[in-house]
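Before any comments, here is the structure.
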Amino acid sequence: MPAKLNSPSRYHGIYNAPHRAFLRSVGLTDEEIGKPLVAIATAWSEAGPCNFHTLALARVAKEGTKEAGLSPLAFPTMVVNDNIGMGSEGMRYSLVSRDLIADMVEAQFNAHAFDGLVGIGGCDKTTPGILMAMARLNVPSIYIYGGSAEPGYFMGKRLTIEDVHEAIGAYLAKRITENELYEIEKRAHPTLGTCSGLFTANTMGSMSEALGMALPGSASPTATSSRRVMYVKETGKALGSLIENGIKSREILTFEAFENAITTLMAMGGSTNAVLHLLAIAYEAGVKLTLDDFNRISKRTPYIASMKPGGDYVMADLDEVGGVPVVLKKLLDAGLLHGDVLTVTGKTMKQNLEQYKYPNVPHSHIVRDVKNPIKPRGGIVILKGSLAPEGAVIKVAATNVVKFEGKAKVYNSEDDAFKGVQSGEVSEGEVVIIRYEGPKGAPGMPEMLRVTAAIMGAGLNNVALVTDGRFSGATRGPMVGHVAPEAMVGGPIAIVEDGDTIVIDVESERLDLKLSEEEIKNRLKRWSPPSPRYKSGLLAKYASLVSQASMGAVTRPA
């Protein structure tokens, strides 16, 4: 048994007899009470396919931990399904749920004196929420992603949930029929699991591997794959070794590990939401990570993985050629990763990648060599300038636009912007501004997928969008999000007016409002914040505690 465990102080000895009595009530024997007690934290919900199956995976993880000589007890965390909340008040709870999940795992773990932690997640905020808790707790921990859905098909075209959102815009623009929309809806997401493209959920699953917090190859098998079950069981077994050797999460979650994750994010062209989440996980791990680190790494990292929405393939395709380790190995061989970082296997990243069993199949159609990239620069760029002094984010993997200058069309909410696009208010060449949708303003920094999909679906190919809100990982096109400071706290986006000129310049890493400094200052002096949308309840509480997007939108003590 390891030298130092939490559970003996709670469950061993005469004075802990009442605690042991309760463990006996749930079926634990004397022998099991004497073993390390571990938590299986499971983000489970029937409200959507992403986490519908994770309760079953928890049972498999328990089997693995038992084989490793541990005594597991499982508990659920909440889940907010992003796709179901999209375009409604429900989306304001999405990012909120990330920090709630972290808090829930912390509370359960510490309240019951567990010795180690297996985390199981699926939908977008569950992976970062659980990883934040692991970083905060600094205990032996290992993560396993629940897996993505298989892609759908209609009329010979491969579908993801992105196609349903864009089909709405296409229908409203009379480009497809209502029946075609219905058929796309029925076929786009045919199985349990998360969205099949490299949207936020699959991006964060990939990040769990790149950080060293998940077993190599565990992110890519689909939710319905027998290999998914195998990885879950092996994850449970691996926790035993972490506890035995006293390896805690912060020994893995180092600055170098975060550099590896950012490098992988840039190479794969993953979701912009990963910027927020990696900043948040680093904050909980006590690692100083900034937006400048993302740009520094983006400049040196080529974009090499052709994954939807920026490319052609889905997670199941990547799995067939070897999964995330294929990307990691190319980056390591090019000298772009820290190979000496510790991982949950107890081995280094380099050792894991050398020992991994790669399928003997061609993969260059999905993952290119570093010397023959899709684009020479990473898939995400941080912009700063007079419109975003603290930063903003654009996914260049999903657009070929490197410079865009246009007149502003300003909306004070996502709903107003969606109605504007629907009614034909937005014209080619314009920059749609959506503000008061930031962490404090919305609150909850909702995703603008309904608007971006409407723009794309309507065939408006020369329209940009700038917002202090977020974007779905399924978003494509010249879309800039995470503008900081946000409008609600008096960021310059608050004083943009219809007709102002906005300049997006990726090569110069700039996002500017073409006004003099004096005019910007004068407008800010005249500006006053609107009344908060919520004065009580969870969202009001969240708005009072949340930081800006440039800091990961983490909640901190007031």
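Just so you know, glycine gets a Cβ as well, placed from its N, Cα and C.
Checking the candidates E447, E486, E497, E507 against Swiss-Prot: the one annotated together with D82, D124, K125 at the Mg(2+) site is E447. The [2Fe-2S] cluster site is defined by C50, C123, C195, and by the 8 Å test on Cβ atoms against their centroid, the other residues of the chain that qualify are G48, P49, N51, N81, D82, N83, G122, D124, S148, G193, T194, A201. Sequence-distant neighbours of K125 (Mg(2+) binding site): residues of the same chain at least 6 apart with a C-beta under 8 Å from its C-beta are V80, D82, S94, L95, S97, R98, I101. With a 10 A radius on its CB, C123 ([2Fe-2S] cluster binding site) counts 29 other CB atoms from all the protein chains. The Mg(2+) site is defined by D82, D124, K125, E447, and by the 8 Å test on Cβ atoms against their centroid, the other residues of the chain that qualify are V80, G85, M91, S94, L95, C123, T200, A201, N273, S472.
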